[in-house]
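For reference, the structure discussed in these notes is given below.
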Amino acid sequence: MKGGKSKADGKSTDAALKPRAAGRSKKAVKDPNKPKRPPSAFFVFMEEFRKVFKEKNPNNKSVAAVGKAAGEKWKAMSEADKATYKAKADKRKAEYEKTMDAYNKKQAGGHGDDDSDKSKSEVNDNEDDSGEEEDDDE
């Protein structure tokens, strides 16, 4: 059969149009207590450059303009000039590694411990009791 569609073709099209299971695409929840990664040498440079650029161009509110100017200046800098920023970045990286080690030890040792002595079911039971009291008053 030339040009004709079989029943199998229709089923594969229907399957392709169905929405996918929502459970597969969930992202892992980030821990708010996890230390932030340290900035690279360029971002350490950007911290200082933003202040200077803002003083010279107080009316310029464009983030893109600041980034473009900083990138051009960074490319024009010699390795000797960049060395100070690289040293600062390395220092921050060392501090980050220390805090990450402490964070990982804390996660391994105290995983699953909450500040509350009550279990979640006890907390939910107390909330249910207060809700029932409000309904009884009516």
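Sequential numbering from 1, following the chain as shown.
Using the three backbone atoms N, Cα and C, a Cβ is placed for every residue, glycine included.
For 1-40 (among others), the entry in TrEMBL reads region 'Disordered'.
The compositional bias 'Basic and acidic residues' feature in TrEMBL is assigned to 1-12 (among others).
As annotated by TrEMBL, domain 'HMG box' applies to 35-104. DSSP places the residues of the domain 'HMG box' (35-104) in helix, strand and coil in these numbers: 56 helix, 0 strand, 14 coil.
Here TrEMBL flags 35-104 as DNA-binding region.
As annotated by TrEMBL, region 'Disordered' applies to 64-138 (among others).
Marked as compositional bias 'Basic and acidic residues' by TrEMBL: 70-104 (among others). Proximity of distant same-chain residues to the compositional bias 'Basic and acidic residues' (70-104), defined by a Cβ-Cβ separation under 8 Å and at least 6 residues beyond the stretch ends, is recorded for 33-46, 49-50, 53.
According to TrEMBL, the compositional bias 'Basic and acidic residues' annotation covers 111-123 (among others).
Annotated compositional bias 'Acidic residues' per TrEMBL: 124-138, in sequence order.
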